[in-house]
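Participant: Below you'll find the structure I mean.
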Amino acid sequence: MPKLKTKSGAKKRFKVTGTGKVMSAHAGKRHGMIKRTKKQIRQLRGTRVLFKTDGDNIKQYFLPNA
């Protein structure tokens, strides 16, 4: 049986760390930033670690070879 392919959209959005955690960018930075404070905008920079259950689902269904 052949290996499962990784979903190409997930490949661009998520990164699996060496310890198996799943990292992703913060949501909510595409538009509507005028309503947010400078602190809120600043806190949305960079990446975040997903909750364990969400990360496990991402790895199982979208990143099977990670």
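Note that the numbers count up from 1, one per residue, in the order the chain is shown.
Cβ atoms are placed via backbone N, Cα and C, with glycine included.
The following feature annotations were taken from Swiss-Prot:
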COMPBIAS  1-15  compositional bias 'Basic residues'
COMPBIAS  27-40  compositional bias 'Basic residues'
REGION    1-40  region 'Disordered'
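Any idea what these are sitting next to in the structure?
Facilitator: Counting residues 6+ beyond its ends, the compositional bias 'Basic residues' (1-15) has Cβ neighbours under 8 Å at 22-25, 47, 50, 58, 61-66 in the same chain.
Away from its own ends, the compositional bias 'Basic residues' (27-40) comes close to no residue of its chain (no Cβ-Cβ distance under 8 Å at least six residues beyond either end).
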